[in-house]
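Notes follow once the structure below has been shown.
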Ligand SMILES: N[C@@H](CCC[C@H](N)C(=O)O)C(=O)O
């Protein structure tokens, strides 16, 4: 059987997109999803996303990591899915859709810029050497020296599989402050089990964490990721963060068919 797929990327976080409004896709086939995401034996991507019908919103987002397992929210994937839905004609320039963490509002602007509302954050765990919070996916945030040369894969894996987060694990972000409005980050992604070029829920977590621990008092923060630039803005009241928006490019790369 041949399936049609579309490839999108958001600041280098790349995804296979499949229009599953007819429900044809074998959603429980972990091996198949892993193979489609494989960069040698398949299309190659950090994750796979299904666009499905939903009775109450414009569409449903179903997200899988490249290991083939369904997972929690993907911010860059959500932004890319909005661009995909726009290109398919499912939505115009504004949308509300449902994902695993609830409803999301989003808009498509000029130059393939997509702005996505993320979940509110009501709990930020501040520890001596790191911060932990959930922005739709779990994120460990840690400031490090020499981010450019930091071994993200080795140190990220040690934290992700370490005693802090147990079986479930966490995504792990290493951060450097550039100035009051700007932070650089590199992310180890759970389910990809490697550094990716960007992580949207990770960038969101870093922006909120840096504000929560007093590294900045800004509520609109620029994030330099390996694959480009993102902006995260929010309203703050104590440790409650609302109207959280993740903004950046979400681009079509190519489409094709693959034998499954
Ligand atoms: N790339 C994503 C995060 C995807 C989910 C993550 N790997 C997990 O399983 O927690 C993003 O852009 O947010």
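Using the three backbone atoms N, Cα and C, a Cβ is placed for every residue, glycine included.
Just so you know, TrEMBL annotations never went through curation; they're auto-generated.
Cross-referencing 53, 171, 173 with the substrate binding residues that TrEMBL gives (13, 65, 75, 76, 189, 190, 200, 201) picks out 171. For the pair residue 74 (active site) and residue 201 (substrate binding site), the Cα-Cα distance reads 6 Å. Residues 13, 65, 75, 76, 171, 189, 190, 200, 201 make up the record's substrate site, and a Cβ search at 8 Å around their centroid adds 46, 47, 74, 77, 137, 187, 192, 196, 199, 202 from the same chain. Compared over the binding-site residues 13, 171, 201, the count of CB atoms lying within 10 A of a residue's CB peaks at 13. Secondary structure from DSSP puts residue 201 (substrate binding site) in a helix. Its own atom aside, the Cβ of residue 199 (active site, proton acceptor) has 37 Cβ atoms within 10 angstroms in the protein chains shown. Listed in sequence order, the residues of the same chain lying 6 or more apart from residue 190 (substrate binding site) and placing their CB within less than 8 Å of its CB are 65, 71, 137, 138, 160, 169, 170, 171.
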